[in-house]
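As structure tokens, the structure follows; a few thoughts come after it.
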Number of protein chains: 2
Amino acid sequence: MPRPNPRLVMKFGGTSVRDLARIRNAAEKVRAEVERGYDVAVVVSAMAGETNKLVGWVREASAGPEGGAAFYDAREYDAVVAAGEQVTSGLMALTLQQIGVPARSWQGWQAPLRTNAAHGAARIEAIDTDALDRKFEEGLHAVIAGFQGIGPDGRIATLGRGGSDTSAVAFAAALGAERCDIYTDVDGVYTTDPRMEPRARRLDRISYEEMLELASLGAKVLQTRSVELAMRYRVRLRVLSSFEEGPGTLVCDEDEIGEDSMESRVVSGVAFQRDEAKVTLLGVEDRPGVAAAIFGPLAEAGVNVDMIVQNISEDGRTDMTFSTSEDDLPKALKALETARETIGMREIVSDRDVAKVSVVGIGMRSHAGVAQKMFAALAREGVNIKVITTSEIKVSVLIDRKYLELAVRALHDAFGLHAA
Amino acid sequence: MPRPNPRLVMKFGGTSVRDLARIRNAAEKVRAEVERGYDVAVVVSAMAGETNKLVGWVREASAGPEGGAAFYDAREYDAVVAAGEQVTSGLMALTLQQIGVPARSWQGWQAPLRTNAAHGAARIEAIDTDALDRKFEEGLHAVIAGFQGIGPDGRIATLGRGGSDTSAVAFAAALGAERCDIYTDVDGVYTTDPRMEPRARRLDRISYEEMLELASLGAKVLQTRSVELAMRYRVRLRVLSSFEEGPGTLVCDEDEIGEDSMESRVVSGVAFQRDEAKVTLLGVEDRPGVAAAIFGPLAEAGVNVDMIVQNISEDGRTDMTFSTSEDDLPKALKALETARETIGMREIVSDRDVAKVSVVGIGMRSHAGVAQKMFAALAREGVNIKVITTSEIKVSVLIDRKYLELAVRALHDAFGLHAA
């Protein structure tokens, strides 16, 4: 038996396959990896704009001409929307063939990627790679329609928006790929948003844990779910640009960072979210179940709650503060007013002009004083801190929105993140 | 066991599902049949324009940026192009649900409709209706993506352009449907093209055989292949308009026409093809194999040959005449010049200004004199006949193109086809 080739998963998002010229550009990148000796599984999104068009049609068909209720059958949503990736997969296979790379497309139901029954937002249950393995042995590279699989009912099931990243990681795990390269429109993960701080630096490597904190905090490079999956199966992820040459950023186990990184850094990045809102419930009865009485109605109203802080209790009463997005604030206030009696509180105070800034880094686990250094840097700039929360590798604060740029730059500087 | 409902297949072509308003219009027609007590299987084409867009992308991807060879991988063509019907099937199911008709979409691979391995122009081998039957029992009507099935390789296989009609007939046969209604943009089959003869009349009924002759001669209402399939499985086809109310035309067994038709007509219609060309090879050696020597090279060159006439032989030489489309004429002449030596002939004469007119009718089997009546009618108008061919239910002539309208109207009148 000849030794099988190492395998690589390469995922191209919607902007990277927007038209046939871009599909060809992506195909050239695949050819380069094939020439390096890899068996490649390409995972593709729908061409940019296609998914939105199809979702729009689904909504319109479901609503009827008078624009009725927005309910729609998730199975049919899946059948319609999955067509977007199906088209790209075929076009990518044809383009690869045209430039001399033998390739074959695979739909979610063909691979198959098996999901649970949650149509429209299905979870991956298993991937059977036997058929793919056989085709690799025949020298046929794979082009896989991302974002989709087949449910227990034998019907197409999609993984929810952005699910193509998750497909790619799942295939990388199942195929035992050396790496999963995510091609996108940014050239890697930065220490902060370069539009905010021009001296922001691309990170060569970042741990899964840091990436999760950065992604959920607004770096918006990779879908959180795909990073979680990569972490669980130890899939090395590389984020890189379809449009510029460059090594991108490797998202990997923290051991791999320690090994060869010259950056024994404490903090990897400064993340932020501009449009936050803060809500404080004053004089809440301090009794068991009160948190549930507050956050239950918020969850039912579809409010995404981020930071939660409870101060110490005085005289059987406490103050409860949480943050949410500015968009969700009206919903949140309405839900709280409705539940006011049940909760038992004196007053609801809200502040819609706040922003959140976080410093993230695995190094802070072993380095004391990160929070202190952060607070000192903000104090030097006269930035008042309204709320603080911490996790093992992150410290976040809420501040007045007008100080956001100032705060990000001050922290980027204070933690030595500026480009050389 | 309750008695199962009678079944009906309803097929909507691309113009009938061009946008969501038209899909809804089609869905209302389905609801009307459901309310009449039918279990309905709706077969849909891609939205008008979608298939051409997808085929264009396939060609472009396969040709590369310099516009190389037109070869493309038929498996990938199928994966891309089948997405068009997939989208419509989901949207139709959603629209039916929205107007209160329980419905579920089925892709070709799901039903499944099994085909042979001829990707891009696959033939139907079998349809397994067990899953559909079960869903009908649950009260779920079916929306089937037309034009596609699954090949022996487990991949999507399309049936070739216009294959949705063929899908519809095949499902009607497999489901034992009472009828297969083909909704299109004309309201039935006419005695001739109404743009040519305003007194043309819609036929209430027409036999499979007549329909085949009319379709292949230019009536362009139904794909020939679907009529052949309907004839073989005795599927009653009804052609009717998506946009106007009316009974349409029933395509059925000739017994069913005889039974209740007040029209014991000899001729059902006058078909024509405007852009024909005539080629005559003069002084061809009259020896075994000479026809093959002529038509072999033409077939290889992709020339569609229609009528073929060989005159009697004199002095070991004969004249061979055939007709083809004007478009194919240059290819035909080139192929014949190349093969001139092999064929052995004196001269090639061609005429590009001819048209073909045919009278079609099952009645002519039992009525002598149809050909004679046709020739007399043309002679009265001074139309010279260049070539004649006949089949059991058809007489066709080639004439000068400038006399086409005159000839069609004269024949329509002579055979009593004018509307009352």
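Note: Cβ is positioned from N, Cα and C throughout, glycine not excepted.
The annotation ATP binding site is assigned in TrEMBL to A:Lys11, A:Phe12, A:Gly13, A:Gly14, A:Thr184, A:Asp185, A:Tyr190, A:Arg195, A:Lys220, A:Val221. Shown in sequence order, the list is empty: the chain has no residue 6+ apart in sequence with a C-beta less than 8 angstroms from the C-beta of A:Lys220 (ATP binding site).
Secondary structure at A:Thr51 (substrate binding site), as computed by DSSP, is helix. Feature annotation from TrEMBL assigns substrate binding site to A:Thr51, A:Glu85.
The domain 'ACT' annotation in TrEMBL covers A:279-362. Within the model, the domain 'ACT' (A:279-362) shows a mean pLDDT value of 89, rounded to a whole number.
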Non-local Cβ contacts of A:Gly13 (ATP binding site) (under 8 Å, 6 or more apart, same chain)?
A:Ser45, A:Ser164, A:Asp165, A:Ile182, A:Tyr183, A:Thr184, A:Asp185, A:Ser242
Cα-Cα, whole number of Å: A:Tyr190 (ATP binding site) versus A:Thr51 (substrate binding site)?
28
Tally every other Cβ atom lying within 10 Å of the Cβ atom of A:Lys11 (ATP binding site).
29
Around A:Tyr190 (ATP binding site), how many other C-beta atoms are within 10 angstroms of its C-beta?
23
Residues A:Lys11, A:Phe12, A:Gly13, A:Gly14, A:Thr184, A:Asp185, A:Tyr190, A:Arg195, A:Lys220, A:Val221 binding ATP per the record - widest CA separation, whole Å:
26
Tell me the Cα distance separating A:Glu85 (substrate binding site) from A:Lys11 (ATP binding site), rounded to the nearest angstrom.
12
Helix, strand, coil residue numbers for the domain 'ACT' (A:279-362) per DSSP?
29 helix, 37 strand, 18 coil
